[in-house]
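Undergrad: One structure, pasted below without further comment.
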Amino acid sequence: TSAAIILLGGSVATVVVWKWLGKKMIQKKMEEARRSRDEGLKKMAKAVQQFREQVPRVQTDAILSLPLLGLAGRLHEGSLSPRTVLYTYIEKALEVNQQTNCLRHFIPECEEQLQEIQQQKEKGLLYGIPVSIKDHISHKGHLSTCGLVQCLDTRMEDSVLVKVLKRQGAIPFAMTNVPQSLFSYDCSNPIFGQTLNPFNHKKSPGGSSGGEGALIAGGGSILGIGSDVAGSIRLPSSFCGLCGLKPTAERLRWVLGVWHIYLLNVDICSHPTPVPCALGPMARDVDSLALCMKALLCEEMFQLDPSVPPIPFNGEVYCSSTPLRVGYYDTDGYFPLPPCMRRVVKETRNALQAAGHQMVPFSPPRIPYVMTELFLKTFFADGGRAWLDVFTGGIVDPSLKPQVNSCKIPRLVKKLLALLLKPLVSSLPSGRDQEMISTCRSVKEMWNHHHQMQVYRSEFITRWKELHLDVVLCPVLGPAFTTGYPGKLLTAISSTMLYNVLNFPAGVVPVSTVTEADEEELRLYQGCCDDSWDRTLKEAVSGAVGMPVAVQCVALPWQEELCLRFMKEVETLSREK
């Protein structure tokens, strides 16, 4: 007996020591990654200093104030050199990063790309334009970390999108920070820390393309590439006052060199997901998004990835001035947004009507069902087990702990809790009390889930067609949340999530800012039930006077040009106020 006790004690001690060593190794990896990042920043600062010594008279403010179309024109005509523009933006990016911690890494090979484009026979549409890219979009020789320790060992090759950017003359120069595992609309991870909103450092820049949002809004990049599976382009654009487009997912295919986000599990990723990830541009104005899409939808893209439909950008649709038939709504009936977000939808609706567009009330069907039974069930079909596996050594960012803890609760316990709490939450809209409970327990259930996604898409398109709509105007989540709050309100993303489930192109346009009157009205805000979700949302968005407020513009699949044309109309009208 004593021998058995000694043996058991020795085994326990071995496990404890093994875990301790594992955590030490993880900490060392994280420290090395941070050190590498800091050394890269110092090298770029030194390169900027050397450039300044060689070219002392650079009109920095004039360059940074140019819109993308103006900058592209100056570069093409030769009145500005790509080298001057690159180092001007690197210098500004360093400054913005000091304030917001938005950069994951500079791309030192940008200096090689600078030499490469000067040898190209023809100047591409993005000739000499510095471009920032989200962490998980692969660039040759660099990590795509997704804020995860397990991704700190693998160097990547250029993704198709990066190859096309380079062939169009763009210069990828920086990779931006993301939340851990990308499954968050905050922007924090245990390796590189929390990214802050450049307009208010108490606020989040949004996520998961939050580093892009902060860098572009702060003036450190003129064009960025993000990704979106639930609002990850549109939410940072809303929080940071940018224009951002989530295309139809297959319009810019993200495979071949881009980490699959959110689950990062080879067995899972080899199977199709009914809610696809979309890559898309983020910038300061709609014309910039249109130029980027025109540049990317080129012969090189179609040749490098034959699975991308060979549909070039239709400039005639984008430049059209034909009056539109616009569906609109200011609430989806699931998660009521703050007063300022509904205000700007109404103001934009009135401006569009005054400009000659036909406005038609529209109500998206069954959003509680979509959120719980379609969207959440897609990502947590296994109860979240695959997602939990990505957190090596149990290192979890505080912003993700509410979701992680929820996934760790056994299915049976969740069911019992739901039954016990049902009398207390009977007044809630269907779905708000069931976060992450729904799972697929068999292959048959999974196939049925995929089928129900298609049924819902057909139902939505039928309603759209019955009203003869061209586009839809609707709200987007905002204004910017205080850091740490996005993790407490996963289901608040219903406004953006819907168009990932549908796989419709959707974009965000800033149209106003939070006023003192908005803040006063927020004090009276009760949401739909004045429950803990509504009270938490109220806390999250308070103290946002002066922060950007945006609307969302939507079109049918494959109609990115029409979506952008509508966004441009909204942008123009908002600037005429």
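Just so it is clear, glycine is given a Cβ too, placed from its N, Cα and C backbone atoms.
According to TrEMBL, the protein has these features:
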DOMAIN    85-564  domain 'Amidase'
ACT_SITE  LYS134  active site, charge relay system
BINDING   LEU182, SER208, VAL229, ALA230, GLY231, SER232  substrate binding site
ACT_SITE  SER208  active site, charge relay system
ACT_SITE  SER232  active site, acyl-ester intermediate
Undergrad: What span in Å does the substrate site cover, taken as the longest CA to CA distance among LEU182, SER208, VAL229, ALA230, GLY231, SER232?
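TA: 11 Å is the greatest Cα spacing among the residues binding substrate.
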Undergrad: Round to the nearest Å and give the CA-to-CA distance linking SER232 (substrate binding site) with LYS134 (active site, charge relay system).
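TA: One finds 11 Å between the Cα atoms of these residues.
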Undergrad: Under 8 Å Cβ-Cβ from LYS134 (active site, charge relay system), six or more apart in the same chain: what's there?
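TA: Counting only residues 6 or more apart in sequence, the Cβ neighbours of LYS134 (active site, charge relay system) under 8 Å are MET175, THR176, VAL178, SER208, SER209, GLY211, GLU212, GLY224, ILE225, GLY226, SER227.
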Undergrad: For ALA230 (substrate binding site), write down the residues of its own chain that are at least 6 apart in sequence and whose Cβ falls under 8 Å from its Cβ; none is a fine answer.
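TA: Non-local contacts for ALA230 (substrate binding site): TYR185, VAL275, PHE375, ILE493, THR496, MET497, ASN500.
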Undergrad: Counting only residues 6+ apart in the same chain, whose Cβ is under 8 Å from the Cβ of GLY231 (substrate binding site)?
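TA: In sequence order, the residues whose Cβ lies under 8 Å from that of GLY231 (substrate binding site) (at least 6 apart) are TYR185, LYS246, VAL476, LEU477, ILE493, SER495, THR496, MET497, ASN500.
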Undergrad: Around SER208 (substrate binding site), how many other C-beta atoms are within 10 angstroms of its C-beta?
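TA: A count of 35.
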Undergrad: For the binding-site residues listed here (LEU182, VAL229), which one has the lowest count of neighbouring CB atoms within 10 Å of its own CB?
TA: VAL229
